[in-house]
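Encoded as structure tokens, the structure appears first; notes follow it.
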């Protein structure tokens with residue numbers, strides 16, 4: 001075994017050395033935009049102030065005015081996906097232009113507008129039925145006439161900002177309205193104003209700021225005291241959750257006439273005039289604004305010369321619509337742009353590193369399969385596991401691939417407010433060491449739920465064991481699925497291939513090698529994972545001109561090391577909320593989760609088990625700091641090099657894989673991708689073996705086959721295989737049906753239920769008066785309390801485990817007082 005570990009360490013060192021000498025072909029990678037052929041509507045048509053949206057894949061343009069404002073229209077034009085135009089006459093009830101238009105799921109909502117003499121408060125809805133455009137006007141009107149306003153849709157609410165109140169005399173607005181589409185009868189509600197000036201023709205676009213979707217208000221025009229129009233270059237962001245505006249500065253380019261959200265955190269800005277207005281030939285430009293780093297990059301020139309531009313998103317493309325001034329005619333042109341994914345393969349070296357890694361795991365499984373003589377060997381390793389290996393396995397089980405990506409992503413997008421949550425095991429380790437471990441070791445049990453039968457009854461044991469098994473099956477499915485999505489969008493690896501590789505390899509070495517294979521592969525995977533993480537920290541920091549010092553300076557200047565607010569507000573993720581949540585969450589996880597408890601039972605003595613917990617606790621602190629610092633370093637890197645950010649990846653958690661794939665040297669890419677696989681498979685193998693243990697010990701042996709021997713060992717291996725296959729199938733199902741949101745709800749409900757388990761164990765361990773009747777009432781009451789808390793959001797979601805723990809313990813104890821003590 002020592003030889004295997006030494007060989008793995010040598011392999012890691014070799015890859016690190018190799019990676020220094022073999023750099024990726026290009027240090028800078030970003031997607032390109034492929035422009036299609038320009039299409040033109042052959043008839044003269046209005047090109048200014050058009051109502052616009054997308055219906056059933058077709059772009060609809062209605063109303064508008066000519067470039068000399070002499071002609072105001074009622075007609076509509078539809079642009080199909082094959083670039084064909086179709087004209088619909090007299091669609092609008094009156095000539096109208098310069099209103100706000102928002103695409104909804106079943107139509108286009110058109111708000112306000114004007115003609116040559118006045119503004120209107122009308123709101124109407126455009127739909128397409130049987131190839132015909134229909135207009136419905138039974139919508140709440142605006143509080144006052146308004147044109148040239150900016151509108152956007154967020155969380156089923158329509159937001160409307162600014163605009164023009166009247167044509168002559170000219171009066172601009174800074175009003176901010178919202179219409180709740182789930183309750184239209186209440187009409188438009190005015191929201192608090194913003195800190196900027198009155199404006200019209202601004203851009204309002206929805207994009208995520210790294211925490212939640214927000215409204216970004218950019219550019220527009222205002223009027224000087226002399227009555228002249230002045231282009232604005234400032235920007236603001238409105239957070240609906242907080243109900244407040246924040247300034248984005250005043251460095252945006254002049255002439256922004258359209259914007260669309262792209263990827264997880266980008267906004268593409270379309271500029272109709274150059275920065276230097278002295279240029280005789282005006283060119284349209286595309287800019288990229290990133291909401292997390294708040295950086296602005298001029299991307300490229302847009303083909304054609306459009307005096308006006310409207311931009312709509314259709315499927316995964318965007319379409320520019322406007323008048324091409326180079327044509328000399330008042331005709332409507334369209335130009336489609338597609339974001340081309342980065343074309344870069346893994347390469348032979350990276351593939352060989354990944355294959356070598358999986359070969360080592362397979363070898364470990366085969367090696368330990370020869371030592372499995374009984375279920376005691378299979379589930380508890382015969383007590384042969386050294387404390388340091390068990391500690392590494394505890395750490396590896398707790399750190400999934402989701403965590404491997406989510407922690408850097410969280411620190412990159414926000415700050416270090418969650419760092420105390422991850423290090424919470426340090427606070428609860430004494431309780432695990434001196435309360436839980438003595439109970440489990442003294443009883444000489446295999447699963448944590450055996451204790452529940454001894455203390456209460458078999459019914460409580462079985463329902464808790466079944467809940468654990470179901471939860472682990474679901475958890476394994478998502479641990480396979482979510483990292484595969486990230487690897488798919490970043491590297492282009494087939495999502496089913498990623499799921500299959502991780503799932504099949506984990507099933508094989510876990511099924512044949514038992515808990516010993518799980519523990520030793522966990523130990524090796526932790527070495528790979530932490531080695532890759534340390535290399536990433538060093539490499540990212542050294543990539544900046546000022547090195548580590550510049551990384552820290554940028555982080556400090558932008559508050560990236562902040563630990564959160566210190567006020568005691570349980571509805572917000574303050575420092576105290578995080579600490580309380582960490583204590584209860586880790587107490588429940590490390591005290592009642594079979595995948596953790598099983599590690600304590602693999603060591604030879606109680607002393608060894610305690611040392612394994614302390615090993616995990618001590619290791620968690622520097623590991624957490626490393627992963628949080630990766631996110632901080634990524635923020636600093638992309639603050640300096642924003643052009644290297646992806647504009648297409650839809651998931652913010654993929655920022656670390658994106659950096660790995662596009663910036664790290666050859667060989668190291670394979671090592672870090674192996675690290676993602678390692679984090680996933682460490683959790684998978686632990687969950688698989690512990691779920692099989694719970695089934696065999698708590699259900700199979702308890703009710704169907706009471707005995708020890710080869711048949712039971714065979715059943716254990718079959719249970720591991722079946723549970724693994726079910727989890728693998730669940731992951732494939734999510735990939736096929738795109739039901740990740742269903743998993744979120746499933747995980748939330750089961751998480752609420754399992755939150756009471758910690759309270760149940762503590763109820764049995766710390767009180768003598770508690771009994772089975774009170775325990776059952778405590779479980780049921782805790783579930784009700786949890787559902788109430790989730791429904792009304794009484795506390796921050798981090799505290800769900802704490803509320804379940806406390807409610808089960810308190811209600812269970814009080815209910816026990818009404819039952820006779822046996």
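Glycine too: its Cβ is placed from the backbone N, Cα and C atoms.
For 1-24, the entry in TrEMBL reads signal peptide. Taken from TrEMBL, the feature transmembrane segment covers 345-367, 387-407, 419-437, 458-483, 489-512, 519-540, 573-592, 613-638, 658-680, 715-737, 773-792, 798-819 (among others).
Counting same-chain residues at least six beyond the ends of the transmembrane segment (387-407), those with a Cβ under 8 angstroms from any Cβ of the stretch are 418, 422, 425, 478-479, 482-483, 486, 518-520, 522-523, 525-527, 529, 589-590, 595-596, 599-600, 602-603, 608-609, 611-616, 619-620, 623-624, 627-628, 630-631, 653-654, 656-657, 675-680, 682-683, 686-687. Contact check: the transmembrane segment (419-437) against the transmembrane segment (773-792) gives fewer than three Cβ pairs closer than 8 Å, residues 6 or more apart, which falls short of the contact criterion. Distant neighbours of the transmembrane segment (715-737): 375, 378-379, 469, 472-474, 476-478, 480-481, 484, 495-496, 499-500, 503-504, 506-507, 510-512, 514, 684, 687-689, 691-693, 695-696, 700, 705, 743; these residues of the same chain sit at least 6 beyond its ends, with a Cβ under 8 Å from one of its Cβ atoms. If one looks beyond the transmembrane segment (798-819) by at least 6 residues along the same chain, the residues whose Cβ comes under 8 Å of a Cβ in the stretch are 421, 570, 573, 577-578, 580-581, 583-585, 587-588, 751-760, 762-763, 767, 769-771, 773-775, 777-779, 781-783, 785-786, 789-790. Below 8 A, the CB atoms of the transmembrane segment (773-792) and the transmembrane segment (458-483) form 3+ pairs separated by six or more positions in the chain. For the transmembrane segment (519-540), the partner stretch with the highest count of Cβ pairs under 8 angstroms, out of 345-367, 458-483, 489-512, 573-592, 658-680, is 658-680. Segment contact is absent for the transmembrane segment (345-367) and the transmembrane segment (573-592), given fewer than three CB pairs below 8 angstroms at sequence separation of 6 or more.
Non-local neighbours of the transmembrane segment (458-483) in the same chain are 400-402, 404-405, 447, 449-450, 452, 498-499, 502-503, 593-595, 653, 676-677, 679-680, 683-684, 687-688, 690-691, 694-695, 698-699, 702, 723-724, 726-728, 730-731, 733-735, 740, 743, 746-747, 750-751, 753-754, 757, 760, 772, 775-776, 779; each lies 6+ residues outside the stretch with a CB under 8 Å from one of its CB atoms.
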